[in-house]
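The annotation compositional bias 'Polar residues' is assigned in TrEMBL to 7-45. The compositional bias 'Basic and acidic residues' annotation in TrEMBL covers 46-60. As annotated by TrEMBL, domain 'TMC' applies to 446-555. TrEMBL lists 1-60 with the feature region 'Disordered'. What TrEMBL records for 134-156, 188-209, 229-247, 327-347, 367-388, 400-422, 512-537, 558-581, 617-642 is transmembrane segment.
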Amino acid sequence: MAFEPQRQGSSSNGYPGDQQSLRLRRVSTQVSNQNAPQFNWTSTPAEKDEKGSSGPRELRSIPMPMALKRAVRQVQQMQVPVVSSVDSWKRKKTRFLLKLKEDVTGFLVFFTPWRKSLQKIGGNFGGGVHSYFLFLRFLVVLNFVSFLLIAGFVLIPSIVFRSVGSGLVNSTAPENCTKYDPNPQGLVVFYTYLLDVLSGTGFMEYSYLFYGYYNNTVVEDSNFSYNIPLAYVFTAAFYFAFCLICITARMGTAARVAVATGGSTVGSYSMIVFTVWNYSCLGDGNTRLKQKNIHYRLQVDLEEERIKKQAAALTLRQKLFLYTLRVFMGVVAFGLIIGAFWCISLASNFSQQNSGKEGIQGLFFQYLPSIVITTANFVVPLLCDQIAVREQYAPSTTVIVALLRAVFLRLVSLAVLLFTLWSQITCYTNSEECKLCQYNYQKYPCWETRVGQEMYKLTLFDLLINIAVLVLVEFPRRIVVDHWSSKLAQWVGRQEFVVPSNVLGLVYGQTVVWTGALFCPLLPGINAIKFVILFYCKKVTLFYNCQPPLKTFRSTTSAFFFLVVLLFGWGLATLVMIYSLAAIHPSMACGPFRFFPSIWSIVPTSFYMLSKTSQEFLFFIGSQAFSVPLFVLSCVVMFYFIALCSVYGKNVALLRAQLKLEGRDKQFLVKQIAELSQKLQIPKHNEEIED
């Protein structure tokens, strides 16, 4: 045709030309038609059962109109195959199991904690805030299950067997190393009990809350035996392994969502437009919440795309200035973090030197490290957030950079506290004090309980600070902003729910619990209660004191990054546990390992008490004859999944390329239709004028 534009082989923007894209589209269409799922109308239900698939599930997965699916279903039901009684029983069993699975899944949905609250939060405040509350619910469930694990294998057996089993008496240890009596003598003033609850001393120190109260009880009978020290070690190890499995499994789920979107705006936009709407939404309220959620997600994508276009339009001089600014701001942020570490170290040393004080003054000295750590974790991240804003990153990148700096601050601040504490326990500066008992028995007759008390105080203080901020800061701020019309109040405005700092608070609290779980076995249960209280506090402040965030970020990548940060905390706590199990001598005056050179020594000692057959079996598992084939098999499986992941990645890349080509084809066709319409409308318009 005369009006058809001439197309070049390739365009200037990097995409193939229209003729080339049309040829590629024809090839991809032929391939897609060959690979398209086809339904076998002649197959009977019996044949489907033999192939291992069910008719309704296969029909449900085929992209066909609903009317056609109903017709196929009616044809299937009209077919009456001749099957044997065994095949009929198999079909009925398969249908029953599938129906049972669907019923159980639907039943468990009603027991999902805070389901309606999370839906309301996601609709009003977007996916970023919603991902924080999902993360908080995950930690609540994780801590509760962990508490049940510890209670089932350590706490309940210790209570039951405390008066039944036999405990050994350490007669070979020096007398000075076995002196430990935390019970208060004489009359105790009432307010002292409150101080004991806040600091973990007094009557709480000598209870099942801390390590020092557990005995080295061993119950032996002709048909039953239970070793409390061995159960203590194995439960701690399994607790850490269980948490790792849960985090890894959740990371896999978040990674699949991130890979499906590809981390790109185009993929996320396509998923939102074509798959995000829930057609089972009932009622105006649920519909509005879903619409708000979609609005926030589209807002994130548009913001990301705008910043990418601005970054692509920068000149070389502007890019050089921007990178120099980012390096300078990073150095400033790192200097603030190092200064916070120095303050924490000074506060920890000063607190340990004045640990003998009593009353309110003693409580202040005991909480001084917690106060300094909390202050540093509040002030430094605020400054780092302002630095990150001036670095001009994308919203999601800004969140990740702020999280990395805050993670480094919080986790290393905890490591600084532990290093300061352990340097005094092991007499790092003066080895003469530890020569008799191999630890500082004068200041720390039961050092494990002392470490557990520090972690208990950090957990409790974190909860008290959150409640105090809600009551004393956030509610008064909202009241002032709503009822005072001055320029200062309007400039301050309602607060926004800052997701990075809140997530870091959860990661920090969970890391403290992992660090102290070996020395305070009930700390996971306390943390579960703390997170439940924190959920309702954050929900109240979110709906009554906060406004929707002006700058949102993508929840898919952020949810995965939250779990990566949590994995860093798990790694730090694991190092602390390994060092405590293998390097430091246990206290000789308390705990279930008072007779061993290290906590891990109970494992080989118990191993040699097993029968000869059990020893040979365990030796075989640890030998090269078993470990080398297992390692080879693990490598084969790992390479298989790596290859499978690579193939899937190539398929996804190919599908995205085909989508781009089809999009260009459609744009080309639209242009042709527009030009054809203009050509056809011009003569018609001239004729009307002549008439």
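Cβ atoms here come from the backbone N, Cα and C positions, even for glycine.
Contact counts against the transmembrane segment (188-209), taken as Cβ pairs under 8 Å, peak for 512-537 among the stretches 229-247, 512-537, 617-642. Packing against the transmembrane segment (327-347) from elsewhere in the chain are residues 368-369, 371-373, 376, 380, 383-384, 387-388, 390-391, 405, 408-409, 412-413, 416-417, 420: each is 6 or more residues past its ends and has a CB under 8 Å from a CB in it. The recorded stretches the transmembrane segment (512-537) and the transmembrane segment (367-388) do not share 3+ CB pairs below 8 A when only pairs 6 or more apart in sequence are counted, and are therefore not in contact. Note on the domain 'TMC' (446-555): DSSP counts are 85 helix, 4 strand, 21 coil. Averaged over the domain 'TMC' (446-555), the predicted model has a pLDDT of 85.
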